[in-house]
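Listed in TrEMBL for this protein:
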ACT_SITE  SER297  active site, nucleophile
BINDING   HIS137, HIS246, GLU490, TYR529  Zn(2+) binding site
DOMAIN    46-558  domain 'Neutral/alkaline non-lysosomal ceramidase N-terminal'
DOMAIN    560-723  domain 'Neutral/alkaline non-lysosomal ceramidase C-terminal'
Amino acid sequence: MAGASMGLQVPSLNVCARKRCRLFWVSLVVLLLASSTRVAFSDSKYLVGLGSYDITGPAADVNMMGYAMMEQTTSGVHFRLRARSFIVAEPGKNRVVFVNLDACMASQIVTIKVLERLKARYGELYTEKNVAISGIHTHAGPAGYLQYVVYIVTSLGFVRQSFDALVDGIEQSIIQAHENLRPGSIYVNNGEVIDAGINRSPSAYLNNPTEERSKYKYDVDKEMTLIKFVDDEWGPIGSFNWFATHGTSMSNTNSLISGDNKGAAARFMEDWFEQNNSADKPSFVSAFCQSNCGDVSPNVLGAFCKDTGLPCDFNHSTCGGKNELCVARGPGSYPDEFESTRVIGERQFRRAVELFNNATEELTGQIDYRHTYLDFSQLEVMVPKQGGGGTEAVKTCPAAMGFAFAAGTIDGSGAFDFKQGDDKASGNAFWKMVGGMLKAPNEEQIACQQPKPILLDTGEMTLPYQWAPSVLPIQILRVGQLVILSVPGEFTTMAGRRLRDAVKQVLTNDKNEKLHVVIAGLTNTYSQYITTFEEYEIQRYEGASTLYGPHTLSAYIQEFQKLAGALVRDQTVEPGPQPPDMLSKQISMLTPVLMDTTPLGTNFGDCSTDVPMNATYKRGSMVSVVFWSACPRNDLMTEGTFALVEILQGTDTWVPAYDDDDFCLRFIWSRPAKLSSRSHATIEWRIPQSATPGVYRIRHFGAAKALLGSVRHFTGSSSAFVVA
């Protein structure tokens, strides 16, 4: 831990009660070292290993990734972010790695650097071919870790701390999973999750063919696919599942780092397992992975106008012509985003527990994978001719973003006079002029992207370096009956259905073979949205954010079918053009931490607002303590904590009970003015109904920076109080 190396004993998450200790059976590692994959074991056909590591990143001053709101910057922790990994291997044969990030999306440059580290450590064991890195799409994590300009404008460029936290955490989680490889089995189960998502662009969905829509009961995918990992000796050790709903339960006004509903569900399930199983078992790892969530909102009550309370306009999601007034509501008491996050997370968690407990179908068969890079800016695609009668060749386009992109969605609106469903070729004259000043699209690009009116011609903007990706990875991982389609973006509901069906048809060759085909969204890199051709015509937010033109989905289907065919025929695949490594070109304008101070007569860690003397609280009530603090960027407290609740055992022994990885405990950082060197840490503890009655105290840990650059760690403590 970062704090421990500086001489201060900062409590690690590893010692906290009810925590996922993250340290995996070190005494057993010798059984399965890197090269010893030919271990003989009984009936199991696979080696299975799981890992988990902290990727929380900078909890102050850094723009949050997702909503692209410059004023939305981190200022504390709702709960910590993690990278969770599984490795499945056939002894002496193939293996695959899947990493699920509590992050908005995967990043090409993060993936490149993780793979470089894995190659240095393991040689050719783990490469871009068999490693998938996927994001859950929380909009409440630090930004600045992608390499293309358009994704780091609002974060004032590249943020090294965000990037390093991800690369380090992913690497460590894979190392853990590798060292934990042991004989085991995998089971799969499927079931519907009700009331965890609605279609946020129903007018676009309705433009899909009636015959196609009639095949489905819902306008969003409600199926969750879960795999259960069972160690031959220890029994159940973890689960990963895929289910489509956006990570936007936390709004664009939130400033606390949070894994949103999927991160919350993962914590609920890990805590549930540890509370119901003996402490001498390995730590349970549970991941709630993202799927084709492009048009799926977790704000299930729908979109309403802030001024009138009436439903928003159906076609444009506006109120009196203004998109800013149209806001979707989650299931919590509006506008309580924390409660909505809990409810949507809990709905996924409870269904996952049912699927976990009743999983009986065992995965059997070979492990295999295929991967290639494609230049989506000029990909030739064969599509059916309009009106029938054979096929014709069309092309994808250089990336471009339409006017409706700037309108945002019901989960987070844009500004000015943009609106969804803006398919006018002229667009707004003023904003067309602004986009043209950066790069005016030529006639060929305008025609290629039709009917999208181009706001930003990002695929042809190269100053100071590339604004948007053109080379993208696609990948298939297969473990027996489970097939994972790694896609570098957000597929809408119907786009995902078409892709899954197309790949399944190739893999089964119309046989009755039972396959579980899942889409892993936002994987390996990020390229925004993928809609159907029909949804693209409507030009709501998702269509305007489908970068490579109206035939983007057809390109994906065509190329994934090629990958699937190569998998079936056991053929190799050309690697394709390599994506750029632009790490050396990155620019950062984030102001560094200069120094931290406290008022005369006070020290870092002193309480500025303590609990009342001899206070007694009931379960369900809130305890709040304010400390003099310092900028959290001085030490990210990786695998540690900024906040801790301790319970008194005996007369003088304080034992950790809750920390800032718990849903009930919030670490909130603030300064009186933007350039002030003084700051406060407010720690709020909503006492759980399950809390043990007793004497408690709240502690704060941090690191302060002196004017000359040295960093000194500190700790503070509240007075003791009683929970009755």
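Glycine too: its Cβ is placed from the backbone N, Cα and C atoms.
Unlike curated entries, TrEMBL annotations are predicted automatically.
If you measure from the Cα atom of GLU490 (Zn(2+) binding site) to that of the residue listed as 'active site, nucleophile', you get 13 Å. Shown in sequence order, GLY197, ILE198, ASN199, ARG200, THR245, HIS246, THR248, ALA328, THR409, ILE410, ASP411 are the residues of the chain, 6+ apart in sequence, with a C-beta less than 8 angstroms from the C-beta of the residue listed as 'active site, nucleophile'.
For the domain 'Neutral/alkaline non-lysosomal ceramidase C-terminal' (560-723), the mean pLDDT of the prediction comes to 97.
Around TYR529 (Zn(2+) binding site), the same-chain residues at least 6 positions away in sequence with a Cβ under 8 Å from its Cβ are GLY294, GLY489, GLU490, PHE491, THR492, TYR541, GLU542, GLY543, SER545, THR546, LEU547. Listed in sequence order, the residues GLN290, CYS293, GLY294, VAL296, GLY489, GLY521, LEU522 complete the 8 Å Cβ shell around the Zn(2+) site centroid, once HIS137, HIS246, GLU490, TYR529 themselves are left out.
There are 29 other CB atoms within 10 A of the CB of HIS246 (Zn(2+) binding site), with all protein chains counted. Within the same chain, the residues at least 6 positions away from HIS137 (Zn(2+) binding site) whose Cβ sits under 8 Å from its Cβ are GLY66, CYS104, MET105, HIS246, GLY247, ASP260, LYS262, GLN290, CYS293, GLU490, GLY521, LEU522, listed in sequence order.
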